[in-house]
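Annotation source TrEMBL lists transmembrane segment at 7-28, 34-55, 62-81, 93-111, 118-134, 146-165.
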Amino acid sequence: MENVRKLALYLVLAFAVVGGLVTINQTLADHSGLFGLAFTSAWLFPMVIGCWLAWRRPMIAFPLLMIWSMSVLGLLLWQSLAPSWWNTILNSNGPIITTAMFALTAPLAIYGYKRRTRFVALILIGLSALNVLATSNTESGENSELVITIPVLAAGVLFLIASFVDKQDDSAEEK
């Protein structure tokens with residue numbers, strides 16, 4: 001069902017624009033000057049480049065997105081297993097792993113719109129589940145991590161539904 005895929009993609013893209021503006025505002029408010037610009041560039045440039053690659057060069061994007069996804073999943077698992085060590089990192093630098101997950105969501109959704117939809121859906125759901133687990137173990141007083149997790153989980157569920165409803169051929173030749 002093409003409409004479910006479009007709904008998931010538009011949800012993630014709207015979330016990326018609004019969430020990106022909020023994240024840029026918070027980052028520049030906390031860290032002014034070049035330090036804030038470097039923090040913003042650290043997630044914004046990979047997100048923009050990942051979106052472009054996922055749309056225009058999917059054969060190049062897939063291995064990069066998988067390395068990025070497995071890295072974020074590994075860090076979330078590490079955060080859930082060793083919360084005391086991560087509390088010092090998160091208290092000094094902010095939610096860096098959740099920001100990496102946020103930056104990964106839009107390229108994954110763009111890639112999953114046309115290809116490997118079920119696989120991308122399972123990665124988005126896994127990211128959301130591990131983020132909830134990791135956030136529940138740390139001492140962060142903010143719920144910004146959970147605000148980021150809800151649209152990612154919704155997009156993952158929508159992509160999963162679309163993969164079962166619409167049996168499109170994911171083995172189509174890619175550029």
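Quick reminder: no glycine exception, Cβ is built from N, Cα and C everywhere.
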Exercise. Which residues of the same chain, at least 6 past either end of the transmembrane segment (62-81), have a Cβ under 8 Å from a Cβ in it?
Worked result: 46, 50, 53-54, 97, 100-101, 104, 107-108, 111, 115-116, 123, 126-127, 130-131, 133-134, 136-138
Problem set entry | Non-local residues, at least 6 beyond the ends, that sit with Cβ under 8 Å of the transmembrane segment (7-28) | 36-37, 39-40, 43-44, 47, 94, 99, 102, 105-106, 109-110, 112-113, 148, 151-152, 154-155, 158-159, 162
Exercise. Other than its close neighbours in sequence, what residues sit by the transmembrane segment (118-134), given a CB gap under 8 Å and a spacing of at least six beyond its ends?
Worked result: 69, 72-73, 76-77, 79-80, 83, 86, 97-98, 101, 104-105, 108-109, 111-112, 145-146, 148-150, 152-153, 155-160, 162-164
